[in-house]
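> As annotated in TrEMBL:
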type     : residues                  : note
REGION   : 1-59                      : region 'Disordered'
COMPBIAS : 1-30                      : compositional bias 'Basic and acidic residues'
COMPBIAS : 45-55                     : compositional bias 'Basic and acidic residues'
BINDING  : 211-218, 293-297, 357-360 : GTP binding site
DOMAIN   : 378-391                   : domain 'SRP54-type proteins GTP-binding'
Ligand SMILES: Nc1nc2c(ncn2[C@@H]2O[C@H](COP(=O)(O)OP(=O)(O)OP(=O)(O)O)[C@@H](O)[C@H]2O)c(=O)[nH]1
């Protein structure tokens, strides 16, 4: 089933209620709805549970082969019950985690969802017939929502065809077709995208963070350090943004807050020297992961390129497979500016993934679609708030649900 069909199926739950009751029902029954959204996964989990139960029960049969029949029945019963209880509890935990994840995305994308919904509704309210003026307005609306110029043109073109072939007759069909196109193009473009964060097979993993000041790079590094530290990993950070004294202090402060050591030197020292020291320490003292903050001065591209090349040379000399990720931090609230920054950074270094920060603070979540369609760099992490655990692995489906929930209507 395609992503849009899943979306329709998931949102079908709301459609059974009258329009006026919907918003109240959404608030009250959010948890129920999240479970409904996850139904295919639930079914899948239940299948797995049955499988596991069958395996456990087979193992139990072998164990009790040599004992008396009565004892056998009792033992099998106990083993089966215990196994079922254990699997059920794992299942419940998974379900709870899925619901929590859906809710995070849903809340984190409130501004974007409302902004996008309002734009589409305003557009639909303004036109009587689907004519050329409508298509002009549609293109403008989509560009304003930051889905990107190319995508806006593509959707407008495809909608023209649908209208021509009479597949679109009513207003509600129009908004469905717009979202269907957005979702389908987004899904199609992401087929070969790898949104996983990669780790070293052995020895320390190194992530290099790039991005201009103020985008939330240091905050992301701090949040990630906290995540890995909580998972029991040995984490180290390197303050290789030596250009600004403030940047060093900020990372040191994060280190204090999350109880992670930070390698740093004085302001204006050679960033590659900081990285060299940090990599040596990570190797010698068996750290699992090293997170490197760098200065993102795009104003002087040649300097930036030289600096990043030197840092990477130092890393590769010590650990030939590293860095395992070069992550570009982009601020979602800056819209198209973020795309421009990504293109410029792409010219100076090979970026393996994007962390899109402050997604909770923007009404233009469409930027995620534009990044995929125009840049082909996977978004690997998203910032959905200021709290430490508001940094999430990017989940494409949750994102689409969170952005379009309530905008799709049933036939
Ligand atoms: N709402 C929200 N705020 C965020 C998020 N990520 C970062 N911020 C805030 O954005 C502001 C700037 O973040 P910083 O980490 O200081 O930005 P940074 O300084 O780019 O990093 P430097 O490149 O070192 O200058 C801070 O107030 C953060 O709390 C997010 O996902 N959501």
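Glycine too: its Cβ is placed from the backbone N, Cα and C atoms.
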> So if I take the binding-site residues (214, 217, 294, 297) and measure from each Cβ to the nearest atom of ligand 1, which come out below 6 Å?
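Only 214, 217 qualify.
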> Given the binding-site residues 211, 214, which one is most crowded in terms of C-beta atoms within 10 angstroms?
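Per the Cβ count, the most surrounded site is 211.
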> Which residue, of the binding-site residues 217, 294, 297, 359, has its CB surrounded by the fewest other CB atoms within 10 A?
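Least crowded of the binding-site residues 217, 294, 297, 359, by Cβ count within 10 Å, is 297.
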> When the domain 'SRP54-type proteins GTP-binding' (378-391) is classified with DSSP, how many of its residues are helical, how many are strand and how many are coil?
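Grouping H, G, I as helix and E, B as strand yields 3 helix, 6 strand, 5 coil.
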> Could you pull the average pLDDT for the domain 'SRP54-type proteins GTP-binding' (378-391)?
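That stretch averages a pLDDT of 92.
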